[in-house]
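S.K.: My structure is below; once you've seen it, I'll send some questions.
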Amino acid sequence: MKVVKFGGSSLADGPQFEKVIQIIAADSARQVIVTSAPGKREKSDTKVTDLLIKYAKLTLMQKNATEIVQTIFNRYLSIATYFNLPEAELIPIKEALVNLPHRDYPSTDYLMAAFKAHGERLNARLMALILTHLGINARFIDPSEAGIRVTDEPNNASVEPSTYAYLAALSYGNEKLVFPGFFGFTDAGQIATFSRGGSDITGAILARGLNADLYENFTDVDAICAADPRIVNNPLEITRMTYREMRELSYAGFSVFHDEAIIPAIEAQIPINVKNTNHPNLPGTLIVPESQFEPIRTITGVASSNRFAALYLHRYLLNKEVGFTLKLLQILYKYDVSYEHMPSGIDDLTIIFDKSQLDEQTIQAMLHDIQETLQPDQLNWIDDYAIIMVVGEGMRNQIGVIEQIIAPLAENKIGVHMINQGASRISIMLGTRQADSKAAVKQIYNQFFVNEPISIS
Ligand SMILES: Nc1ncnc2c1ncn2[C@@H]1O[C@H](COP(=O)(O)OP(=O)(O)O)[C@@H](O)[C@H]1O
Ligand SMILES: N[C@@H](CC(=O)OP(=O)(O)O)C(=O)O
């Protein structure tokens, strides 16, 4: 059995739905379908998830939302109309949308999560209706029915392990099961979503919980490329890569697959095949365990992300002071802030944060506490921080990789603030200014893929 997830771009309108249905019908093993919310039909379009966020904000401001409700509903209606599905069949979808503001929510965060989740929840309902209308035996399954349990973090939830026992007990025949991606339910029965792009996570959870042979993830590119195609022109396509390469690259900017979605697949050792809905016969990218991978290049890919900020702290004899880092981490804990990386020297320390969890007030309060408690000689907040991740199983036994990365950056006057090589030795992380990150990716890509196409002997 295969779990097949379709991203927002694959479900943006009627013609895209038609391609998806052909893909589902082409292989009887494609039994478990995961839908995202309808995405962008063209570049300037707005994803349904973003329309729902606007709807939630209007509701919170107690403003009239009739127009946005109609805009959202029209996205579903136009898809239904494409398949000649009678409008009457969409009444439950309209009602669910209209009723969203009238349900009880424990907080505004949970209200936001419930609104956002309805992009996928209603799209999965619509997909099941259309499949049935076309004579394909299909059933919508809500995460509440399937037992997808998540943590009490309304807009950034993680899966609870109990989910897998519920999924193992799910009984089904030979019909297609249509699940909405992106959300689950807390123990208290509230909707909580994963972080943005999180329908990939639902697909991976179902693949593990339902014991799939393969997790197919359909998107709008032929394969995962060695660099983001929005940064590098026509980058090389990756045919095969490992789970941990994918995790590091998606963490650092390969938004094509969510970094957290790798974990359930690793836990159950299920291969992931990223494919293009518009060219389903192409092989795409296969993501596999290390044991099934033989590197042919030093580098598999290079990614960048501007979502970071860093705190630089200098104090002489830092290396001799017992408990210094503990006190620092206690301050982060007090403000409920997690950190991403902490490279250090003898007298200094840099802490790198994901900015999406921080606001100006928290940053200022945290800095104040650090100054008071730890009395550093120097304390700087660096808001302009990007991370470049150079990843490849093939670099493990290679000498001189760092030099090859740094040389073109130095030649092009791109400053590197930090270099960190992970203990796994399959990735090297660089810190740069945000304005330099794209140029750095281009230079590193050229060095490894254009100037020296294959480096491993
Ligand atoms: N390394 C990469 N290879 C391919 N696509 C990438 C890469 N990095 C970023 N992307 C972007 O990811 C997009 C697909 O992800 P996303 O928009 O989330 O798709 P979906 O709507 O299918 O969920 C591509 O259109 C591409 O612009
Ligand atoms: N619809 C959600 C979840 C998701 O995975 O979407 P997409 O498949 O379009 O990346 C979002 O926009 O974040």
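Using N, Cα and C of the backbone, Cβ positions are placed for all residues, glycine too.
Note that the structure is predicted; figures quoted are calculated from it, not measured.
The annotation ATP binding site is assigned in TrEMBL to Lys5, Phe6, Gly7, Gly8, Thr219, Asp220, Arg230. As annotated by TrEMBL, substrate binding site applies to Thr49, Glu120. The domain 'ACT' feature in TrEMBL is assigned to 390-457.
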S.K.: For a quick check of packing: other C-beta atoms within 10 Å of the C-beta of Thr49 (substrate binding site), how many?
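M.R.: The Cβ of Thr49 (substrate binding site) has 23 Cβ neighbours within 10 Å.
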S.K.: How far is it from Arg230 (ATP binding site) to Thr49 (substrate binding site), counting Cα to Cα, in Å?
M.R.: 22
S.K.: Cα within 10 Å of Glu120 (substrate binding site) is the criterion; apply it to the binding-site residues Lys5, Phe6, Thr219, Asp220 and give the hits in sequence order.
M.R.: none
S.K.: Write out how many residues of the domain 'ACT' (390-457) are helix, how many strand and how many coil, based on DSSP.
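M.R.: Its residues fall into 32 helix, 12 strand, 24 coil.
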S.K.: So if I draw a 10 Å sphere around the Cβ of Phe6 (ATP binding site), how many other Cβ atoms end up inside it?
M.R.: 28
S.K.: Of the binding-site residues Lys5, Phe6, Thr49, Glu120, Thr219, which ones put their CB under 6 Å from ligand 1?
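M.R.: Those binding-site residues that pass the cut-off, since their Cβ is under 6 Å from ligand 1, are Thr219.
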S.K.: Need one number for the ATP-binding residues Lys5, Phe6, Gly7, Gly8, Thr219, Asp220, Arg230: the maximum pairwise CA distance in Å, whole number please.
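M.R.: About 23 Å separates the two most distant Cα atoms.
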S.K.: What's the number of neighbouring CB atoms sitting within 10 A of the CB on Lys5 (ATP binding site)?
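M.R.: Looking across every protein chain shown, the total is 29.
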S.K.: If you compare CA-to-CA distances from Thr49 (substrate binding site) to each of the binding-site residues Gly7, Gly8, Asp220, which comes out shortest?
M.R.: Gly8
